[in-house]
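K.L.:
If you look up TrEMBL, you'll see B:A8, B:M9, B:S10, B:G11, B:G12, B:V13, B:D14, B:S15, B:L34, B:G127 marked as ATP binding site. Annotated active site, nucleophile per TrEMBL: B:C103, in sequence order. Among the features that TrEMBL reports, site 'Interaction with tRNA' is placed at B:H128, B:Q352. Taken from TrEMBL, the feature active site, cysteine persulfide intermediate applies to B:C195. Marked as domain 'tRNA-specific 2-thiouridylase MnmA-like central' by TrEMBL: B:204-269. Under the heading compositional bias 'Gly residues', TrEMBL lists B:290-304. Taken from TrEMBL, the feature domain 'tRNA-specific 2-thiouridylase MnmA-like C-terminal' applies to B:310-368.
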Amino acid sequence: MLPEAIEAMTEQLKRVGNASSLHAAGRQVRRVVEEARETIADSLGARPSEVVFTSGGTEADNLAIKGLYWARRPRRRVLISSVEHHAALDPAQWLADSQGAEVELLEVDELGRVHPETLRAAIERDPDDVAMISVMWANNEVGTVQPIHVLAAIAHDHGIPFHTDAVQAVGQLPVSFSGSGADALTLTGHKVGGPMGAGALLLARGLTPVSVQHGGGQERDVRSGTLDAPAIAGLAAAVGTAVREQEALHTRLSALRDELIQRVREAVPDVVLNGDPDDRLPGNAHFSFPGCEGDALLMLLDAKGVECSTGSACSAGVAQPSHVLLAMGAEAAAARGSLRFTLGHTSTPEDVDRLIDVLPAAVERARRAGLS
Amino acid sequence: MGLRVLAAMSGGVDSAVAAARIAEAGHDVTGVHLALSANPQSHRTGARGCCTVEDSRDARRAADVIGIPFYIWDMAERFQRDVIEDFVAEYAAGRTPNPCLRCNEKIKFAAVLDRALALGFDAVATGHHARLVDGVLSRSPDQGKDQSYVLGVLTREQLGHAIFPLGDSTKAEVREEAARRGLTVADKPDSHDICFIADGDTRGFLTKRLGAAEGPIVDQSGDVVGSHQGAHGFTVGQRKGLHIDRPAADGRPRYVLSIEPVSNTVTVGPRSALEVTSITCGRPLWNGPVGDGPGSSDGAGSGRGAVPADGSGEFTVQLRAHGEVYPCRFEETEGGLRIEIDRPATGVAAGQAAVLYSGATVIGSATIVSAA
């Protein structure tokens, strides 16, 4: 966590009071929450009343997708990109499985981009029946950035609410809620140097999704539950700092990432870089290593002190070929032989040196072990 | 520095203690849970089943407590092909397979061992209850838990890369040690039955895969005494579930004597007709102590070792898991092995392994083809 976030959070942990209480202690906590709301709104080009605090990205995605679908019934169509995080994909799938929704996965190209024409064509097959649209700002696996404002504008041509999961984008890319044209935007604390278990849905005024969890109606009557004031204070401090430092971080990380990509290519000549080579998250480098099992490579690198990730893991932790890579047209074997290296605040050129020192031997060994 | 050891961790108490012991002995241990089902259930029902999400969590938690790295390896495809499909095919051919034995032979000490060796490990450790000293396998001191039978099909090469840290312990000692080490699986129930048939209904499992086909149940003279819904639902020696209305002439219970898959015929008869003393086997394998015997010069390491060519000496044979032990003599035949036992055995089923012992030491094994 960022020092600013730790400080804001621990300061608040020492205080008593429920932000919903009317007594003095409650009012003091309420003030902290409202200042946090203003900080986040100010940092992300939103109005304070548009910030709905949640327990994180997954809850915000659920609220946006399920809530807007229910609010817009009897419309049945949900258009969602095929490369979404499971926090968005699974609620949509659930709507299809049990709520009568017709979920249509928007195709992506080989770089993972949703083309505006793809969205337009999908809408125009039956525009009056589209309940909502959801396309992530930037992909968590391959780092590809989507043309959000163009996609949102197309949705608005038809008066359809547009949600974007910007969990990966905030603090890494310039993000403006009003500038993007999105009607709902998800962010989460732990991706910006804030606490885990705290996030928000930015929700345009006048848009009222049906609640996913019911109760005291603390957040605009669409989200219930006692507000976690310390986490919210930490979230706001982190968002404020991350957005303030976004440009500098972007400059530093993208240079380091380009060096990493260049040197990995030299060390393993047949490696394949996945995602958009230009328009990608500054700290993301995602590769396929032909003939390797991603899991084996991860284990070998982990043993050498290099921490990286394979695609997504199911609940049992069994590596499945990434749905993102498959949607981009990769073969299952290539998808299984993929690894993501993520650079962040603490990454240094020495980290890249370390990776390049151990990578060739690990790849060689993983290739010998082969694809099981 | 000790060996680099891969500890296969099922999520049960045995493999957890085995991993803890080998780590404590100073080896460089990595825990791996084998995911054997592509669609794992979330929880075990009673003592049945394995490879649930709960099991993988238990294994991960045990690795945390021991303080070793932990990964999950997806072996579902191999398990499906080499164990489950083999199991179904064996029943379809009128034989009675032992899937645990097949899993040891084809998965744990083949697919997993090969991958481990390729990735730079020296050995695979498991929580089996069997002794392994200098590559020679012998019975566990815990007679009720002894698993040397299901390991008796491993080659010397495979045993040479295996470690069974529980070889000298009883189950009770293992549970006590687990509790002492703070492993939460200390009182987890033992697994029983066939792990991939979670409800324990083997006949239902086979019927779903092989289909139901009515066929006759005949007595030894060929008279039809009943009918069945598929010969694959039966095992030699089985008494229950025959549903024969007409009592036998002598009023005695009847048992399955043989299964003929081509004509879909099940032959039944009195217990006395089940008694056999001569067992014909295929695929003999010698894995006992390497000595000065005539077969020991075999370059592949598969020679008989200290076992005399004519099989004379004090030997015993075990014909099924946790089955009785019979004093025996044996001789090698063309590509096979004939075993003569001193007193009659019943329920000797084709497809099961005959494991040969000299005292408590495993000297070899073969697959039962027929018995008379």
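Cβ atoms are placed via backbone N, Cα and C, with glycine included.
Keep in mind the model is a prediction, meaning the values are calculated, not measured.
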K.L.:
Three-state secondary structure of B:L34 (ATP binding site) from DSSP?
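P.N.:
Its secondary structure by DSSP: strand.
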K.L.:
B:S10 (ATP binding site) to B:H128 (site 'Interaction with tRNA'): how many Å between their Cα atoms?
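P.N.:
With the alpha carbons as reference points, the distance is 11 Å.
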K.L.:
Looking at the domain 'tRNA-specific 2-thiouridylase MnmA-like C-terminal' (B:310-368) alone, can you tell me the average pLDDT?
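P.N.:
Summarising the domain 'tRNA-specific 2-thiouridylase MnmA-like C-terminal' (B:310-368) by its mean pLDDT gives 92.
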K.L.:
Have a look around B:C103 (active site, nucleophile) and count the other CB atoms within 10 A of its CB, chains all included.
P.N.:
27
K.L.:
With the ATP site defined by the record as B:A8, B:M9, B:S10, B:G11, B:G12, B:V13, B:D14, B:S15, B:L34, B:G127, how many Å span the farthest pair of C-alpha atoms?
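P.N.:
Max Cα-Cα spread across the ATP binders: 15 Å.
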K.L.:
Can you tell me the three-state DSSP label for B:C103 (active site, nucleophile)?
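P.N.:
SS state of B:C103 (active site, nucleophile) = helix.
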K.L.:
Using DSSP, would you call B:Q352 (site 'Interaction with tRNA') helix, strand or coil?
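P.N.:
For B:Q352 (site 'Interaction with tRNA') - judged by DSSP and reduced to three states - the answer is coil.
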K.L.:
I'd like to confirm something. Which of the recorded positions, B:G12, B:D14, B:Q352, has a Cα closest to the Cα of the residue listed as 'active site, cysteine persulfide intermediate'?
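P.N.:
Nearest candidate: B:G12.
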K.L.:
What is the nearest of the recorded positions B:C103, B:H128, B:Q352 to B:D14 (ATP binding site), using the Cα of each?
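P.N.:
Among B:C103, B:H128, B:Q352, B:H128.
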K.L.:
Which one of these binding-site residues, B:G12, B:D14, has the sparsest Cβ neighbourhood, judged by other Cβ atoms within 10 angstroms?
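P.N.:
Taking B:G12, B:D14 as the binding-site residues, the minimal 10 Å Cβ count falls on B:G12.
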K.L.:
Between the Cα atoms of B:H128 (site 'Interaction with tRNA') and B:Q352 (site 'Interaction with tRNA'), find the distance and write it as a whole number of Å.
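P.N.:
One finds 19 Å between the Cα atoms of these residues.
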K.L.:
Taking just the CA atoms, what is the gap between B:Q352 (site 'Interaction with tRNA') and B:L34 (ATP binding site) in Å?
P.N.:
25
K.L.:
Counting by DSSP, what is the helix, strand and coil composition of the domain 'tRNA-specific 2-thiouridylase MnmA-like C-terminal' (B:310-368)?
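P.N.:
Secondary-structure breakdown of the domain 'tRNA-specific 2-thiouridylase MnmA-like C-terminal' (B:310-368): 0 helix, 37 strand, 22 coil.
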K.L.:
Quick one: DSSP breakdown of the domain 'tRNA-specific 2-thiouridylase MnmA-like central' (B:204-269) into helix, strand and coil?
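P.N.:
Computed counts for the domain 'tRNA-specific 2-thiouridylase MnmA-like central' (B:204-269) are 10 helix, 20 strand, 36 coil.
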